[in-house]
Amino acid sequence: MSLLQVDGLGIEFGGLKAVDNVGFKVEPGEIVSVIGPNGAGKTTLFNMISGIYLPKAGRVTLAGQDVTGMEPHLLARLGLSRTFQNLQIFQHMSVLENVVAGFHLEESGNVLSDLFALPGSRKRARTVRAKAEVLLARVGLERAAGAEAGSLSYGALKRLEIARALALSPKILLLDEPAAGCNAVETEEIDELIAEVAKSGVAILLVEHDMKLVMRISNHIVVLDHGEKIAEGDPETVSRNPDVIAAYLGTAAAQESEHA
Amino acid sequence: MPELMQFLLSGLTVGAVYALVALGFTIIYNASDVVNFAQGEFVMLGGMITVFAYGAGAPLPLAAAVAILTTVFVGVALNKLAIEPARGAPVVSLIIITIGASILIRGVTQIVFDKQIHRFPAFTGDAPIPFFGATLLPQSLWVVGGALTVFVGLYLFFTKTLTGKAVLATANNRLAAQLVGINTGWVMTLSFGLSAAIGALAGVLVTPITLTSYDVGIGLALKGFAAAMLGGMGNPKGALVGGLLLGVIEAMTAGYLSSQYKDAAAFVVILAVLFAMPQGLFGAKSTERV
């Protein structure tokens with residue numbers, strides 16, 4: 001049984017098939033990338049898997065349980081966590097508080113105990129802060145812990161979002177363009193971080209435009225074009241697939257590469 | 001001088017009620033960006049239901065408890081039946097829904113109860129307490145004490161408890177809150193319930209002084225709104241200070257200008273705030289990240 005299984009997933013917006021009959025599997029500890037030209041439906045696919053959009057067709061199964069169209073806060077309980085291309089950060093909280101919020105489900109709060117700051121509540125808060133600090137160090141943001149999240153650079157916020165997602169101890173992490181807008185050094189850092197997280201047993205589903213990054217770290221690649229899956233396989237196979245080259249560079253280039 | 005003190009005391013009393021209404025606005029606004037114009041009706045229901053439960057023979061504390069619980073039920077129903085189904089609609093539409101709800105609540109109250117003006121006895125007698133040359137009604141102490149208690153309680157709830165922080169997280173970024181596992185639908189229900197309880201409590205506390213009838217809600221909602229704007233929408237400290245300040249401004253206007261201009265004070269305040277400092281006294285400057 002795969003950790004995440006997507007079958008025949010589809011959605012339409014006003015008659016336009018944004019994603020049509022897409023299916024693939026993700027195993028624990030595996031890095032699977034979804035690639036495709038702009039507008040291919042990658043983010044829409046992510047939004048359906050993570051409960052933001054309700055799919056019109058198909059099924060999403062997480063560890064054997066049907067989770068199609070399940071709300072994000074319930075998916076979080078089941079171990080599915082994600083980041084956004086355009087960032088969903090608590091802008092008015094500190095960097096540390098953002099990560100602390102990620103431990104929400106782990107913290108079992110009791111309103112009365114909290115109100116009177118009983119030792120149990122204080123200890124719980126300390127433990128969570130300590131864990132949050134460890135995560136911040138892991139993404140290289142330990143020195144920004146006290147800063148307001150809104151004041152951070154785009155690249156730093158990307159890493160903060162990953163740290164918060166990791167705070168949920170997910171079984172699978174969906175990353176939507178984690179390296180977008182990052183410079184070469186930052187991209188490399190994120191690259192290492194993703195590989196490290198996958199090594200710890202967390203499955204990664206990645207949407208990314210940086211082809212070098214994708215080819216380097218993915219175990220498996222799914223290629224979308226116009227909402228449909230046009231190819232899948234290991235990086236080597238996919239990069240030589242004529243349909244994929246055509247989708248990215250146009251048909252002429254594909255023919256050229258066939259002749260070459 | 002005793003004159004000034006008298007105006008100040010009555011201003012603070014009525015201001016405490018505005019502060020409670022403004023706190024109710026603040027909670028729902030924070031959780032959903034919606035200004036709930038039915039907030040005044042919660043105050044009205046608190047007073048009216050207590051009046052009739054007390055009239056039916058219930059002891060006053062029990063009547064008050066019944067009123068607060070019933071109002072909480074109405075608040076939660078408002079969210080479940082009118083706000084939640086319209087989720088995703090623009091905030092302006094949601095605000096108009098709350099205006100509609102307030103008219104409905106007023107109408108139903110008029111049918112279920114009546115159109116008369118009512119009161120019930122003050123909690124601890126009506127004997128005025130002399131205070132620096134002025135006098136103070138014991139019920140005023142209840143009102144001001146109630147407002148301060150609710151404020152401190154809310155402050156602790158939002159800063160110390162996990163549930164309170166979940167509400168703040170939802171206010172900050174709903175999607176991000178869902179991502180970390182916060183049930184934002186439940187946060188909305190909680191916010192409406194809490195706002196309704198605070199509104200009803202205000203109604204229970206103030207009715208012995210200002211009396212109540214089915215239509216006192218509109219005025220209170222507008223004054224509470226002015227108070228919340230003055231303090232800075234969404235900030236509990238702003239709601240408290242804005243409420244008390246508005247009450248005092250009103251009392252001074254009535255005392256030194258003319259009592260006919262009393263109600264105009266709130267609207268002058270709204271206009272002045274919008275012209276001079278739209279974010280209010282304690283409101284955060286809003287900047288959109290691009």
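Heads up, the Cβ atoms here are built off N, Cα and C, so glycines get one too.
Keep in mind that TrEMBL annotations are predicted by a computer and have not been checked by a curator.
Note that this is a predicted model, so its numbers are computed, not measured.
Annotated in TrEMBL:
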TRANSMEM  B:7-31  transmembrane segment
TRANSMEM  B:51-79  transmembrane segment
TRANSMEM  B:91-113  transmembrane segment
TRANSMEM  B:140-158  transmembrane segment
TRANSMEM  B:179-205  transmembrane segment
TRANSMEM  B:211-231  transmembrane segment
TRANSMEM  B:238-258  transmembrane segment
TRANSMEM  B:264-284  transmembrane segment
Request  = Among B:7-31, B:51-79, B:140-158, B:211-231, point out the range having the most Cβ pairs under 8 angstroms from the transmembrane segment (B:238-258).
outcome  = B:7-31
Key: Contact set, same chain, for the transmembrane segment (B:179-205): CB under 8 Å, 6 or more residues outside the stretch   = 17, 20-21, 23-25, 27-28, 30-32, 36, 39-50, 64, 67-68, 70-72, 74-76, 78-80, 83-84, 139, 142-143, 146-147, 150, 163, 166-167, 169-170, 212
Query = Should the transmembrane segment (B:51-79) and the transmembrane segment (B:91-113) be scored as in contact, given a threshold of at least 3 Cβ pairs under 8 Å and pairs 6 or more apart?
reply = yes
Message = Which residues of the chain, 6 or more past the ends of the transmembrane segment (B:7-31), have a CB below 8 A from one of its CBs?
response = 39-40, 42-43, 131, 134-137, 140, 143-144, 146-148, 150-151, 154, 167-168, 170-171, 187-188, 190-192, 194-196, 198-199, 201-202, 205-206, 209-210, 220-221, 223-228, 231, 233-236, 238-252, 254-256
